[in-house]
Amino acid sequence: MTTRYIFVTGGVVSSLGKGIAAASLAAILEARGLNVTIMKLDPYINVDPGTMSPTQHGEVFVTEDGAETDLDLGHYERFIRTKMNRRNNFTTGRIYEEVLRKERRGDYLGATIQVIPHITNAIKEKVLAGGEGHDVAIVEIGGTVGDIESLPFLESIRQLGVELGRDRTLFMHLTLVPFLGAAGEVKTKPTQHSVKELRSIGIAPDVLVCRGDRAIPANEKAKISLFCNVEERAVISLKDVDSIYKIPALLKAQGLDQLVTKRFGIDCKEADLAEWEKVVYQEANPVGEVTIGMVGKYIELPDAYKSVNEALKHAGLFNRVSVNIKYIDSQNVEAKGDEVLQGLDGILVPGGFGERGVEGKIMAAKFARENNLPYFGICLGMQVALIEFARHVAGLEGAHSTEFKPETPHPVVGLITEWINEDGQVEERHEESDLGGTMRLGAQLCHLEEGTKAAAAYKSTTCVERHRHRYEVNNNYKERLEKAGLIFSGLSSDRSLVEMIELPNHPWFVAGQFHPEFTSTPRDGQPLFEGFVAAAAAYQKRDLED
């Protein structure tokens, strides 16, 4: 199979939405029957984002094969059917690590190691490997043209453009075309300078996607085409929209997919975007609204919970309600108590690390349990629910996790020392293990107990979800907790680890050790999120009737 490559770069400013634009183009090409994948090349020195602060980098998206990756890979999976893996995301740090490891082994036979050719060759090898087996591979280059950090990646794709030829490569550049209120017009000069910078390093863009708060007038498109040496039909206007799921239709309406297929000489059917039209319609026409309180510690940056936010919205689509997310700092719960939890239709406690704010999350779980308020716990959200139950229902005073209180008299949650990974191999960890790349990661089979809310949600006695954690329920306390009324509704593939818990006499108190948000998409939803939002809508209805 001959793979064609589309390289996506960004200029003028960061956060233009290269990932969304790349994913939207991929969605159109997929709708034309093509097998598409997307890669993200990140210019930072970290080996992966696994140990980076969520408040700086946003969430860490976990792939099926256990790679800790950039949040853009979540966008990719939400827009196309292709599942991402560790080949879809790599960093400058990983490239340097692998090159230096080869140098230490003597693989380079004493050669002087340089950015060109050794680093650039390593980048090219990874790009080509990531595209294998696909009709089209879209490659997003992180950062902004002009950044020092991005230069090795840009040089690598320049070389690939020469080596693969024009019939297998296309360069798409996103820029900002701002509107100046004082002048009453859009300004194209930043785009001209960005393209000039890109051309100075040997890359001539074939397509310009111009971002702005409004559509670019035809005369300004012609001006951009003239000064940037790009065909006028290849100057694409991408204005701000109220839903990212409208973007595939916007790009298709301007013929971007036809431009791509013509360039690559691909003969394929027209794109049918009916599924996306349905998503946009559902999003614009809810019949109700629910308010979900998300109790976390990284709420100053909503991108820290990007996949959770999107999964709640997807669940709203399937329940025909708009989901209003109220972000609640768990430390505020500690300081102010129940008053910050009033007026909610459900509480969700997402994953997280570190002791700060943990007691507030435990208090939120207690509030939901005692008030029959729908509760959904994810990863740490399951652990705090179990700790709360152990303390206040099972009579285990002082119960805690050894992550936060090693000397706790009742360590109901402790470090996982051994488990079966996604390949069926036994992995082991201990307290002295490195933080990076040492968690239980990736897709794992979970056995669901018949008759539970979990099994009802999945309509099955098994599910496969992705994990990212070091701590688990201490099996020594399972019998005591079960006698107190807690249901262990999900167990690991070998039934040695607790994966899900729930309460029997509660409208919806369900929690999982895994991260179901990573498998939610706007077209397919996700069973647990759908069940949770349905329970929130039912709670609101009962509350109004009372």
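Yeah, the Cβs are placed from backbone N, Cα and C, and that goes for glycine too.
Among the candidates Ser14, Ser401, Ser460, the residue that Swiss-Prot annotates alongside Asp147, Ile148, Glu149, Lys187, Thr188, Lys189, Pro190, Thr191, Gln192, Lys223 as binding CTP is Ser14. Swiss-Prot lists Leu380, Gly381, Met382, Gln383, Glu403, Arg470 as binding L-glutamine, and of Gly346, Gly352, Gly354, Gly442 the one it places in that same site is Gly352.
Swiss-Prot names Ser15, Leu16, Gly17, Lys18, Gly19, Ile20, Lys239, Asp240, Val241 as ATP ligands; from the candidate set Asp72, Asp107, Asp167, Asp303, the record adds Asp72 to that same site. Classification of Glu140 (Mg(2+) binding site) by DSSP places it within a strand.
Checked against Thr191 (CTP binding site), the binding-site residues Ser15, Gly352, Leu380, Gly381, Met382 differ in C-alpha distance, with Ser15 being the nearest.
Here the recorded positions are Lys187, Lys189, Lys223, Arg470, His515, and the one with the most other Cβ atoms within 10 Å of its Cβ is His515. Across the residues the record lists as binding CTP (Ser14, Asp147, Ile148, Glu149, Lys187, Thr188, Lys189, Pro190, Thr191, Gln192, Lys223), the two Cα atoms farthest apart are 31 Å from each other. If you compare Cα positions, Leu380 (L-glutamine binding site) sits closest to His515 out of the recorded positions Ser14, Ser15, His515.
Model confidence over the region 'Amidoligase domain' (1-266) stands at 95, taken as the mean pLDDT rounded to a whole number. Among the residues Gly352, Leu380, Gly381, Met382, Gln383, Glu403, Arg470 said to bind L-glutamine, no two Cα atoms are farther apart than 14 Å.
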